[in-house]
Each structure stands twice: as structure tokens, then as C-alpha cells.
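Okay, so here's the structure we're looking at.
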């Protein structure tokens, strides 16, 4: 079968190629043209351009010529002015611009005209940096060639006349052999500075216009000068041109330079040599300075000029005697770095709008003799405001004193915010203080000295009252060691020290104030006898005398403890009302029904999964409904609607309120609407539970069912201490008024099971001995305990009897129960205990926590509970390597309020295998600070850990360690690693010792060191750093490489434009071929062949034709531009 060839009609392919660019769209041509121009412009680098002046009288005058691409050409004078001339003169090393000359001033040039409509600002470094129409673009002839006249300044002179010396007087300039003056239009201190510097007369003191030094004669050479103050000569300033002005000699300007002025400065009527009213000697006479615009920058210049220490305050309207005579200066405006007051901007000498009651003054100090403190208030954060400046004590006058000023004082002293301010009246007889007067603070200042216009040294306070302040940190309270939110041992912070409070010193009113301050509602109970464990450290020797309505404990008055002494065994504890809004609904009386609680503002039913008779007893007691008679199962009083709380209470039955009971919510089982707690109380408000006898406590003889209870309760109490939670620790029993321990003789899991069950802590997973949780104190109540494991209370087990033993406290027994929960952040690649995978210890094993619904609030609870920080962030897993681990719980959702993760609702406990992508990874904000330094980037290193600030020991402390600290604080590179308490000794724990950083760690937490809190140092070895305070940012630049990339990019765009044009031409040609084959009547064979080819394609032919709609680069083009089809196709005929 013969091959079919399709021959396109029309001209040959070569002819079509000749018409290719005629078919290109105009926009493609424009793109190529623009890019070609860009390439040309880009190729004109700065290095291949030169400039010269020709046909002039010397090297600094003549016609301007520019060399571009090895060809010299001229510049057109369209728009030519002094700004352009200034650039050329400076570029050619002839710094003084004299004249902008056109073609008439120099012979016309020849060749190219390279630049036209040049427009300079005057500060460019080269003429081609100015705007212009483009290289070689112009609309002028060589008759408009631009020229300039410059000068190297050697023929120019300047002098000061009629001032009495060579450094003061009327300014005169010699130009072209003739002396002339300068007009005072827009003349200022910057111009005067250039003149004085040029004449080597020191700095400029003042300037004056209006021919103050007499009228000159001859030309007026300059008008409307524009100087920056940095010029080397007056004629290098911008100007309209030599001899161009609109002035007469009545406007001649003059200057007084420092070397020609009789100027002096002094402070008078102050309490020290470096304080008082400011006076200036000018032209032989002393005068004052007006306080308009007077501020700390102005005062700083005065103090520096007088050789006094740093300025403390800029005083206006001083209480000392007023000055007299001239008021020399007004509206001073200093930057603060001037060496003399008269270098600052100001009105002309002697021009002012003031009286002497506005005379300015200063107080200078280097800060070492400047102190602020609160005295007589019981702590460093309360009392009368006392200031000490240069060894002189003073008080703050109540005039202008308010809560904003008090807030600044509290902030400066590190005492939080101001709670109240008050005054203390003194009689005139005692009014001998040196007073500090304030003219209002904004409240945003970090120091009282930052408040504007405070005055020091007055001996009269109108009302004879001194200011007093109470700051929030005066007595900052917290509750420690409680198993529930808003409960625990009372600890109060005075300054930087936490201490406990004796149970005899804390009244119900004081407890009410504490609960209110901590936003914990109302007080439920006050518990003495170290109910929440003994504290350590300070015991405050003061009795709180609150009225009960105060908002903060700091607002209560205090008195010395009446009995004088106290020990930690009497530390007071408080339980506040987190769970006191309770009720019974759907019962036939107020004392029976479905149990409901109000939590976070919402009422809901309580799940009955952990509801027992002990919980019910406390519930009835709180409602004043007697004791619990039964706890009916099912939805005995209706299913209820709305929220079902899954909180699990762990009451012993002896508590007075539900808030006294430990509570958990994490991992609680799900509840349906029918699984709600109910109770039937006795209704007798006076009825209480009586002690049980031995028979009633014997579980083998008890007839008590799950729904009814005997109306008695065991007299003993049981607790676990030092275990980190309510379900682990040393066992302690309360008997005959004292807490005591249990000896570990014969102690085993059967005994431990009873303890765990009694406390509602599940089952025992470990029975510990040998004082595993530390040695206790007091009696050892039980020894040789032998339980069968079924007893409900530990004292039902056989033993030697109460108080009968042969042990010491080093044998105290302990237990870890299955319900014991602990928390940690762990990352196997880091030692940082405040960042890593979130894990909980439950039922004797560690497991991770899922990240589903994990919120910022939940992260905050975790970080606070671990004592790491107040907030943190959720991060991806630290390793990309997929791993599988056991997960305990998921969907933890903490609302606002809980203090521990245990009080947060979640999905039920369920151990399962989970991938690392399902786990929660948290980084708590590692808190680090520098204290007592001269700036935020120097000082003693302090770390926040375990809920308190502590220091770092200087053992092994070096520059690599300091480098990490400075980087972590954003303070740039470290300058010094300081030892031996270089910035003073800290307080509190010494958290780290033997730190050994490499220097590239991102946090001090990442560096090797001893375990946290393990140190053999004292605070005299506290480590410190001094950082550079410069945040380094590395940048790299490669102009040559950048230019190469630009050129390559432009070439690529041009190539792309060409390919687009070729594609358009190819498509157009193909369309013409098809029209020719199908429509030409004189060649009908072509029509038949074309139709037959399309109608007889078989399925196997599609493989050849569906790969591309059009021929591509692999198609076989012959010399004539024909396309060969190698597949034989049948033709039906």
C-alpha cells in the first residue's frame, strides 16, 4: 500500500519564515524592545563612565562632558541649576559651586549629547545618579551645552566684623576679590556652626540678624542658605547662586562663636553644688533660663557641662528664690549629647516670653546617690514614700500625687501595682522635710525619675502631708498543697520571700479576703495544725486584722503576734468555695433529690460513677440537711437535662463542704442522662454522724448496702504526704489530736490496698517502706499491721495497737495507689524538663496525652502545674521518625480556673497504642531574667523553675554559657561571664550548677548541668552576664552575582518571548494548511484523501495519533517542510 503525503498549498516554508516576525503580535515586539533597552542600560555600569570640564579657565570650570561606552559627549542645559552644579563640583574635587553656565560661557562641543533634563537633589555622589531622560536621549543642540564654574575654595575668604574679636561679628565673604555680606533669611544655628567651625572659633553660641553687628557694604553674596551643619565651608551649603538675593544690608547676619563669647554657667540656691536655679553669663551679665520646653535632655547637657553627675531632674518653677536681671534663653531644645547648653536650639539671646517665676533649674546625680523606698508600712512594698538624693532625705508632697504616681513607685520597686495611696499629715513644726514635688506621671513610666518636671529641694509643702503607698506585692498570698482548686496552706509573700502564717493569726475575715483576692469565691473553712502539710522557711510574726470587705490581703492592718512564737506544725490552711453552689432537685422535700452543682456559672447534674455514701454525707451536711440516709441508683429523681458533670469527689465523710474534698475530672468515665447522682438526707439539721463501734466497722458483720448507710463514721482520719498527690506518699493517721505515721514492719500490698481503697485511690501498686517519702514526725501510731485486704479502714486491720511499736521514723510506711497521677514533659533528646511530650502517670505507668482539642488554656494549666511558666505553646514532635507509644487519655479540655490538669474534663482513661503525631508536645516559656544590672542586658542570671525564681552557681561558668543566656534574651553576643555575685547576691533556690554549654544552644535549659536544685554553692557565687545589647543579623550580598542573575533573567525573558512568537506563527500556518486542503476546489483528490483518512482510522491507529494534537519536536521534517505519515491507511473507493 502506498504512503499518503499531504502537501500544503501556498508558498514554501522558507517564505513563511521570512514573514514570521510580520505576524508577531505588537505586544511581543514591544516586550523585546523594552528588554533590549534594559540590557543596554544594565550594561552601563558606574565603572565605565567618566566626567571632565573642558575649555574653561582652570580645572574647575568649563563645559561638562561625560564619557559613556568609550565615547565623550556633552550635557544639555535644560533645567540646569545650582543643585546640578553642586554635584559636579563635588564629584570633581572642586567642592564650591560658583555658577551654572550655559553654552555662551564655553565653546560648543561636538559628538554625542549624552544627557538632557538632568534633575539633581544636590546630595548625589555622581551626576549620573541624578534623574535624566536616558542616555543619548535629548531635544537640544550643542548650542545648549551645559557648563559650570566651581572653586577649590583657595581664592575665597571669610571673616567676622564689628564683634570685638575675630570670633564674633557680622559675617563677610570675599569673592572675586570683593568682600560682601550674608542675608539673614532662614539663617539658623546650623549655619552659624559652619561659620565657627570654618574659622576655627569653636562651636556656635548664637546668631543674630537685622544687622545686629552693624550694616555692611558692598555685595550681598548669599541668601537663603541651606546648611546641615556638617559642611567644611559656608559656600559649600546649598544656595541660589553667588550674588542672588532679595535683601538689603539691614538684614546682614552675624554670629558669636564659643572662643569669642564671654559665657559661663552656674547653679544657685540649690541644696548641693550640683542643684539649683540655672544662670548663664552672656556678654558680661548673668541671667536666667526660661523653663518653656525645659526637659531632661536640657538638664543632662547642663550637668555634663558643669562636671556634675548625670541629670536627675529638670526643675521648672522652683520653690527657691526667683532670679533677677536678664532672661537670656527660652525654648531650649537639646538632644542631650551637646557639650554646652548654647549649642542647643533656642530663641535668640535675650528673646523670651517668660517671667522669673518660670526660671529653670536642675538636680544632677549619677544614680548612686538616688534612692526610693517605702518605710513604716511593714514591708518594702508599703509605707511612706521616701527619697534620698545626694545623701539628703526627703518625702513626697501630696500635691500632684495620685494612684498613677503610686503605681510607678510600686513598679519601680518590683512590688506589682498600687492598691491604694494615702497621706499622712504633719504639723508646721515638723514640716522640715526636703520635699519632692511631682507634676503628674502618666503611669507608664518605669521609674519615678522618668516622670516629667518633678522638682526637688523645696522646703514647703502646702498641705504638710506626705504620700503613702500600698502595693499589691506588699502581702501577696497563695494556697499551696491542696488537692482541689482554691485550697491549701496559706503562704504570703513579703517582698521576695514567701512565708507561712500561724493558725492563731488568721481569722475568718482574713480568709474571706484571701479567697476574694484569689478569685476563689467565699471561704468554706479554716484548717489549722498544718492540715495541708508543714511549710518551710519564714513564719510571719504578724496577726492579720481584716474587716472582711477588703479586696486584697495587703489592705488589712496587721499587729504583732500576741503569743510571740509559732512553728510550722501550726501552719494555717484555707478552703475556698469552688464547689459550694449545690442543690437537690425533683425531690419531695428540700433534702432529697438529684444532685446538681454549679461550675463555672453553669448548673449540671453530677455523674454517679464515683458517687458514694461518704460524698453524700458531706453533701447533706453542706445543705444543712443532716446526714445521708441513702443514695438511690438510676434516675430515681429524674434524668435531668443539660450538662452532666464528671467530677469525681473523694470525700471521707468528715468534711463540712464539698469544697473540702479532693476532686478529679481527668479520665472520668462517660455518663448517660440516667447515670446521675441522688441522695436522701435525714433532714435533721442537728443530726451528725456518731463514732462507729467495732461491730459496725466490721465489714463481715455489716448489713449496709450500696444505697443505705449506717449513721456513723470512723473517728480517725488518713492522709498521704510528700508524694506529689493525694494518692501517693507517706501514710499518716490522725488519732487523739495528733498526726502520726505507720511502721513498715510486715507492711505489704494487702495493707496498702486498704489504704488506697479508704482514700478512694483505687488499688495499691506499690507498698513502700524505709521512709521512701521522707521521715515523718510525731507519734508512730501503728506497727505490724496485718490486713486481709478487705477492710474498709486501716485501723480495722490487726496490729500491736495504737501507739505500740519498736520503730523509728526511718521505717515510715508509704504507698502508691493506682489513682495516683503525676505529670511530666519529656524529650529523650533534651534535658529540658519544661519542654517535650506531655505524659501522665496513672495506674502505675507513664502514658502520653492526646492532642485532640488541646487548647492554649490547657497548656497554661500544664505549665503552671509543672512550675515552668504561666504559658506555653503546642509544638510538633521533636523527631520526624514515626514512633508508637502507650497513650492514657485524650480530649483534655481545661476551662478557665483549674489549677491542675486533674480537674480538667477529658475522654475516659483508656490505654492504647498511639503514634507520635497523635501526642501532645508542649514547650513552656522558659523564663529567664537578668537582675540588678545597668540595663536589661546585664545582671545576675535568674531562672524560673518550680514556681519560684532562683539563681545559677558560677562553678564552670564561662563565656559559652553567657553566650547562650544573651542569645536567649535577644541581647546579642556576650561580652563577659561574671562570677562571685558581681551584681549582688540573689535569694531563693540556686537552681543550676556546673553549667557546661557549647555556646550554640538556643536555651540554657539545653545545656548540660547538674540536676535542678542540686548545688553546693551559696549566693555569693551567683553567676552573671554582660551582653552587647546588639541583635546580630547576618546578611550576605553579592552585587556582581546579582547583576549576572539579572542579565540571565532578562535573557530568559527574551528567549521566552521569541518562543511564544514562534508558537503563534506555527499555529497560524497549520490553520492555513487545513483550510487549503479542505476548501480548494481545483484539487478534489486532496479533499477525498483527507476525508477518507479521517473516516477509516482504526482503534490501533489511535496510539499513534492521540499522543499529540499537533506535530512535535520528534516529527520528521523534510527539506521541503513536509510531514511524513508512516502508517499506511486504506482508502475506500
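Quick reminder: no glycine exception, Cβ is built from N, Cα and C everywhere.
Looking at 1090-1093, 1094-1097, 1098-1101, 1102-1105, the stretch flagged in Swiss-Prot as motif 'Internalization signal' turns out to be 1090-1093.
Swiss-Prot marks one residue of 230, 331, 766 as N-linked glycosylation site, namely 331. From the options 1024-1044, 1045-1065, 1066-1086, the stretch Swiss-Prot describes as transmembrane segment is 1045-1065.
According to Swiss-Prot, the listed position annotated as N-linked glycosylation site out of 59, 1112 is 59. Scan Swiss-Prot for N-linked glycosylation site across 139, 693 and the hit is 139.
Counting only same-chain residues six or more apart in sequence, the Cβ atoms lying under 8 angstroms from the Cβ of residue 671 (disulfide bond) belong to 607, 608, 609, 644, 646. In three-state terms derived from DSSP, residue 997 (disulfide bond) belongs to neither a helical nor a strand segment and is classed as coil.
If you take the C-beta of residue 196 (disulfide bond) and look for same-chain residues 6 or more apart in sequence within under 8 angstroms, you find 167, 202, 203, 204, 255, 257, 258. For residue 397 (disulfide bond), the spatially nearest entry among the disulfide-bonded residues 620, 651, 1007 is 1007, judged by CA separation. Of the listed disulfide-bonded residues 290, 303, 620, 797, 924, the Cβ environment within 10 Å is emptiest of other Cβ atoms at 797. Rounded to a whole value, the Cα-Cα separation of residue 620 (disulfide bond) and residue 651 (disulfide bond) is 12 Å. Summarising model confidence by region, the domain 'SRCR 5' (477-577) averages a pLDDT of 82. Counting only residues at least six positions away in the same chain, the Cβ atoms of 750, 751, 753, 754, 794, 796, 797, 798 sit under 8 Å from the Cβ of residue 787 (disulfide bond). It is 41 Å from the Cα atom of residue 1027 (disulfide bond) to that of residue 290 (disulfide bond). Across the range of the domain 'SRCR 1' (51-151), the DSSP-based residue counts are 19 helix, 36 strand, 46 coil. Summarised by DSSP class, the composition of the domain 'SRCR 8' (823-925) is 16 helix, 37 strand, 50 coil.
Cα of residue 997 (disulfide bond) to Cα of residue 863 (disulfide bond): a span of 25 Å.
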